[in-house]
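Visitor: Take this structure, written in structure tokens, and hold onto it; I'll ask about it next.
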Amino acid sequence: MADNLTFGGYVADIEVLQPKVADKMADNLSNHKDLILQVLRELGEPAALSDIKAKLNGIPERTLHRWLAQWVATGEVQTSGQKRGRRYFLPTQRSLLPPATSAHLLFSAVALPFIERIRQPLMTRSPCTYDTKWFDAYQPNETFYLDVGQRQRLMQQGRKITDELPAGTYAQRIFTRMLIDLSYNSSRLEGNTYSLLDTQKLLLEGLEADNKLDEEKIMLLNHKDAIRFLVEGINRMEISTDNIRSLHYLLADGLVVAGAAGQIRSDSVRIASSTYMPMDNRERLEAQLTRIADKAQLIHDPFEQSFFLLVHIAYLQAFIDVNKRTARLACNIPLVRHNLVPLSFNDIDKDDYASAVLVTYEQHETRPLAELYVWSYLRSCQLYSVTAEAIGIDPLRVQYRQTRRGVIRDIVQHTLHGETLERYIQQQVAALVPAIHQEKFMADLRYDLEHLAPHNIAGMGFSRQELEQWQKTIRSR
């Protein structure tokens, strides 16, 4: 049921408003939004909810909190801290926040020597090439790049909603925030100079920033296409060479030579500022990418699976360019599938990330990159926490999902329609659902019947042909 909003003493349910009233309320909400954003600008620093409310008259705290959560979800407002320590600020005020950490504090005493070694002049580092023995030594569910403490902490912080919901539910509900954050940060790590606010304007409104290269715009728009492909296709997206190549195609289109997007390379490549020389030979590269995908599929823990993909897709360098971007998108497949917070690579320093990746290439040591992964993921969890509060979960829809699907299955398989359909629905609802929940169940049932399509009948218990026959019968009435 929709929340009620109060405007000038008038309480209205958003979902049942007539168009003219809804338009008026939308205008009022827009006016309040401008006012609140102005308050944030005037405060000049990250502000608590109480500080913002004190500058406004007549807006209930619950309503203000909900509005702020909506704008956090779209990236127009950002947050730091949690619960009572949460502060709100505009993207342009990010520089007012204290630095999250320094490089020496970010890497542990164990990992730091590897980083310092990789930052030595090239002439002091030994040349190396792709090592299949290192890959072969990894045994799924026996070898772990992330230790048990890291995996437990990631799961504790990353699980925002129940496993009972379909794969990708969480990512779909925070899609706008994920789209902006992941596009911005993944591109930033490649040297893209678009700001977070400019990224939002480009991806959501199509507004290009002034004095920016076309390549930077294409990079961000390609991320948008790839993220949409990942989230919308998650129910059928296995970790496979085809899907990895599809992600590369979407990320690289227009940024590499014609015909190279999504294709395993046949030319040699070299890595800037590194002594690592990747594998050559197209057939070997294709075979090894298949082995990476197959081994990743065997890993049970979604975070270990994610990190394995991040490491080995980049290490192989199967494509002419855009390998690390492909790895960053592919490593989100297990997270999105398991309804976990996505990894957006928030606040990672570009040089720290590059150094940690080179450590995996040259030294086959994953600890520095693992520490960045864990640290950034926990930062992502903090930033997504307000969005998670805003999206809410529909417990009754989850509770009666199997009952609802059973009714839908009978309707489709018996091609019920017209008065027969209505009688059947009334009988089943009365028999299967307590009176207090019948209205909600009926609304969900009718919504699902109206929106049945071949792509959303998995688990329903009937075939596409049966669906088409039922819909044909309905249309002929």
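For all residues, glycine too, the Cβ spot is worked out from N, Cα and C.
Note that the structure is a prediction, hence the values are computed from the model and not measured.
For reference, TrEMBL lists these features for the protein:
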SITE      E190  site 'Important for autoinhibition of adenylyltransferase activity'
DOMAIN    239-375  domain 'Fido'
BINDING   D321, V322, N323, K324, R325, T326, A327, R328  ATP binding site
Visitor: Need the DSSP three-state call for E190 (site 'Important for autoinhibition of adenylyltransferase activity') to compare against my parser.
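Guide: DSSP assigns E190 (site 'Important for autoinhibition of adenylyltransferase activity') to coil.
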Visitor: What are the helix, strand and coil residue counts for the domain 'Fido' (239-375) according to DSSP?
Guide: 79 helix, 3 strand, 55 coil
Visitor: What are the sequence-distant neighbours of R325 (ATP binding site), meaning same chain, six or more residues apart, C-beta distance under 8 angstroms?
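Guide: Looking at Cβ-Cβ distances below 8 Å from R325 (ATP binding site), excluding near sequence neighbours, one finds S186, E190, H223, L251, A252.
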Visitor: Take the Cβ of R328 (ATP binding site) and count every other Cβ within 10 Å, whichever protein chain it belongs to.
Guide: 26
Visitor: Using the centroid of the Cβ atoms of D321, V322, N323, K324, R325, T326, A327, R328 as reference, list every other same-chain residue with Cβ within 8 Å of it (recorded ATP site), in sequence order.
Guide: H248, L251, I313, A314, F319, L329
Visitor: With every protein chain in view, how many other Cβ atoms are within 10 Å of the Cβ of E190 (site 'Important for autoinhibition of adenylyltransferase activity')?
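Guide: Taking every protein chain into account, the count is 16.
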Visitor: Taking every protein chain in this structure into account, which of the binding-site residues D321, V322, K324, T326, A327 has the most other Cβ atoms within 10 Å of its Cβ?
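Guide: In terms of Cβ crowding, the pick is T326.
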Visitor: Looking at the domain 'Fido' (239-375) alone, can you tell me the average pLDDT?
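Guide: Result for the domain 'Fido' (239-375): average pLDDT 95.
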